Amino acid sequence: KKNSILKKNQSWINATENNFKVDDYESLIPNADLVINLTPDKEHHNVVTTLQKLMKKNSYLGYSHGFNIVEFGEIIRKDITVIMVAPKCPGTEVREEYKRGFGVPTLIAVHNENDIHQKGLEIAKAWSFSIGSHRAGVLESSFIAEVKSDLMGEQTILCGMLQTASILCYEKLITNKHDPAYAAKLIQNGWETITESLKHGGITLMMDRLSNPSKIRAYKISEKIKKILTSLFQQHMNNIISGEFSSEMMKDWKNNDKKLLDWRKQTKDTSFEKAPIYIKKIPEQEYYDHGILMIAILKAGIELSFETMINSGIIAESAYYESLHELPLIANTIARKKLYEMNKVI
């Protein structure tokens, strides 16, 4: 925005310090071969409407999430090729993983109604390569599968369960007279430590960090959790497939995000968020040994999310990324600043 450029705000500083050319729409868009829209979903319609008036013929429009196309139903000029590169993590983690020489798992897709030259997939591959995702894994998906699986993953295992489990596990430990500071650190950093094993060996490796008796206990607990939550997960999936979930979310956008901000405030006011800081280091294995319930929750949530998505017709690539592969990167945000950070960056 011109106003941001004139004021040289933080986004301007970030861009210029990283050697990006900064200018307004009218100066940059008409000459661009590829225009990437990374604005929040609620801003997409206005942004894309403006972009289409300025984009040159036969150019490419890129999304990192297909909500605007699938749920809002945005119509794009037929000469514009529409592609998607959807890193399976918050945007902050895309940058951090790239800086350390790696990347994040990514889904790529082409909007079939906007691929007039049949070159969309090659451009999407090149874009995903440029952010380092080829080092972590790039799978071809579709706009619909990415959106439906993304919404399902975030509402269940990725955000919903991590948030609810953090609050409930903390309250249980406090009720049992454990040190509040230790309990908070065990949970806050425990998700990150435990899910790191998912990156390298999935649920099997995570479970292998436990003793045999603890494995059996975690397995039994996870099976109980799955039975309790199966109908709830299926209801979430039904609401997402039908479009009801997205419809309610867009209504909240028009109401200045009242529900979202109220929920975010409720989370910020929980005892877990306000817990004292534990200064001492917790050994890595201790997170596993004292986190059997957390491991059971992760196992149940991953399996149930994946199974529910597959049973609803979502392709396995999208279901896998949204149930397991993105989980460690979401856990990273909790480790930094607990649940409020996760809610803000998602």
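In case you wondered, yes, glycine gets a Cβ from its N, Cα and C as well.
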In Swiss-Prot, the Mg(2+) 2 site includes GLU322, GLU326. Which of ASP79, ASP115, ASP150 does it also list there?
ASP150
When you measure from the Cβ of SER11 (NADP(+) binding site), how many other Cβ atoms are you left with inside 10 Å?
12
Just going by other Cβ atoms within 10 Å, which of the recorded positions LYS42, HIS65 has the emptiest spot?
LYS42
Reduced DSSP assignment, HIS65 (active site):
coil
Whole-number answer please: how many Å between the C-alpha atoms of ASP150 (Mg(2+) 2 binding site) and HIS65 (active site)?
9
DSSP-wise, what's the residue breakdown of the domain 'KARI C-terminal knotted 1' (142-286) into helix, strand and coil?
118 helix, 0 strand, 27 coil
In terms of Cα spacing, which of the recorded positions HIS65, GLU154, GLU322, GLU326 are within 10 angstroms of ASP41 (NADP(+) binding site)?
HIS65
